[in-house]
């Protein structure tokens, strides 16, 4: 049965056989006095003492917890958190608020035990009715199968004794007895050593007595301190040789919380020390340049992919010089937006770059009849490129006006749609939006971004499949098989001078290295004559000498500027379509901010920093639209991962990386160099990159219950309809006919955008079909986004999130505490209409972190519960 459960969760093959081999011959013996019995076979249970056994047992029993939780009849904590059971090893405690609910849970346990051949320990299975003293004990007869269960007035669970009136005097008595025994052992050791220093004595007391004395103190409250205080006084009296009466601070809930925060603070300090350079530290200038260029290379793969996907839809065609100008522009804008984000945005070391979220709506806009590329119709209409006026020669002024007009349409849509992101970010309403968006809405949205792009990848890869597969092989080899191989490089540390450390170069630059290697091999094969010279021959596009003229024709220096393609045009249809990409980009960025702060050794970003980051990202998208990159901008998670690998979280390094992007974006021939990459190499790159985007979208499902038919229905419907509906509208472009051209265009763009269709279907179904927050994955997802909100000791130093140069002026004006993107902003809980900062009133402690509304509260005696 265990093997079946292992296979059900995906553990099979050699690993399963290895686990099975541990249990092929399981023998045991028993020691009786000084004698050992003969070995006898053990046919049931997991091995005692084996490190794998607890995990195997948990796998075996975890589906019982899932079945009980699915009943949704546990006790309610706080507003919406339900707990149906407590599970620790082979001890299970069922929690219910009425007799029928508990009996239903017991029936599930009975059915599960019979199916999986488990038995209950009848002597330890009891009913405990938690209640006030003025409430009579229930007379309901509980049964688990044929076993009638008895009530008990108290029960020992995980070392604590609970009684039915939630009176912990028995627990305190047991704790003080155990602590007295530990103190006696300590005093005996003290005497045998002929005394010891007070420092050593107190350390031993903290190690041997306090853990016993304070066990469970957070549960049994502050009304039972008298006996505990006596133990503390006795410990001091034993050391000082006289009776003492002192008040020693005892571990109240606040003290316990402070101790936990102190331990977390120590961990964080160790983590900061592990960084070579933290957020506010600046490495030497030469290291800044080297590490900044490294960030450029890390972002290279995703950034270069966007213009190479767009150029065909924009009708750029064989105007490779024009394509090189778009590539230079997108690098220039990425560097400019990076400087903007790291200076006045979140002020975290985050690289901004092109985003795939804008690609699908861009294709939908350009699929409208008025933007059909005439060169795609040349064959069917017998037009000759460069002869017929409808298809002027590539690179001519007439041809450039064709793709300029399409670029201007995309520019206008991005600029206006990004205004919504600016408003959402700077107004602070993103938190309200996120309350209704969960993993089941995000997963289909992001997944469909890349699934809609597979024609671009297959089209380029099919020009020479062997080269495309070779590129895919190299990317997989470097990023997966060789990711842990490091090479020694020089380093310089303050106070230590020069040294060496090992850099995981394959893990940092797998795409860049794979492109270079595949490019070089194509060059060798071109020289050797392995590819045909005929343009129509299969493999011709893998040659490296077919586009060399672009480097010669491109300018050495070209400064991208706003409106370089002309004045942007705006259409209602384009704006509505682009809003879907804006929303997807925003949600992705929130998680990136917290991940970046964690890896860079910075405190978790407060709500005002997140608001300002999203708003600034909207401004960056407006700049990207004004410059005409053909795309927006978003935070790059791959560069955040590079911070964790290099241990350099300095903002200055990322800003230098942004400057490098700007400089290289002004070098025309540098952008032209990337145009000469063979098409099959780019196709292989797309296969991996787009596949990763698909996987990132699906990874959001880790938070939801995939055993729930509700969730499977929502996911399958949103994905399938998100693919089917746009495909049908592409084949039937005239199907929408409302009588209004504007309305027709809006509907055509929205219904032709797969990420919008899939996302909106997932959003509506997830918010209308009944389901618990746990089942929907809401709680786990939000906890993951803000997982480091308590990762600091005391009040963290949030000064790094201040607005530079003008912060001291903002502090003087009290009105700025109501501005959501200013550091003095005090967030308001929109659900209860009260400020979170009740700390000022002495009620609760303010956390001041963004978008976390999953707090719970439980007090003893407030629930009529049954265990």
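Heads up, the Cβ atoms here are built off N, Cα and C, so glycines get one too.
TrEMBL: automatically predicted annotations, no manual curation.
The following features are taken from TrEMBL:
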| type | residues | note |
| --- | --- | --- |
| DOMAIN | 1-162 | domain 'Reverse transcriptase' |
| TRANSMEM | 410-429 | transmembrane segment |
| TRANSMEM | 436-458 | transmembrane segment |
| TRANSMEM | 464-482 | transmembrane segment |
| TRANSMEM | 503-531 | transmembrane segment |
| TRANSMEM | 565-584 | transmembrane segment |
| TRANSMEM | 653-675 | transmembrane segment |
| TRANSMEM | 681-700 | transmembrane segment |
| TRANSMEM | 712-729 | transmembrane segment |
| TRANSMEM | 749-769 | transmembrane segment |
| REGION | 836-867 | region 'Disordered' |
| COMPBIAS | 836-850 | compositional bias 'Basic and acidic residues' |
| COMPBIAS | 851-867 | compositional bias 'Polar residues' |
Query raised in the report: Under a criterion of three or more Cβ pairs within a distance under 8 Å and sequence separation of at least 6, are the transmembrane segment (565-584) and the transmembrane segment (436-458) in contact?
Result: yes
Report summary line: Counting only residues at least 6 beyond its ends, the same-chain positions whose CB falls under 8 A of a CB in the transmembrane segment (503-531) are 294, 297-298, 300-301, 464, 467, 470-471, 474-475, 477-479, 482-489, 537, 539-540, 542-545, 642, 645-646, 677-678, 680-681, 684-685, 688-689
Report summary line: The mean pLDDT across the domain 'Reverse transcriptase' (1-162) is 81
**Report entry** Interface check, the transmembrane segment (712-729) with the transmembrane segment (436-458), three or more C-beta pairs under 8 A
**Finding:** yes
Requested in this report: Can you tell me which of 436-458, 681-700, 749-769 gets the most C-beta pairs within less than 8 Å of the transmembrane segment (464-482)?
Outcome: 681-700
Query raised in the report: By Cβ distance under 8 Å, which residues at least 6 away from the ends of the transmembrane segment (436-458) in the same chain are close to it?
Result: 309, 312, 356-357, 359-360, 363, 580, 584, 587-588, 683, 686-687, 690-691, 693-694, 696-698, 700-701, 703-704, 711, 714-715, 718-719, 722-723, 726, 754-755, 757-759, 761-763, 765-767, 776-778, 781
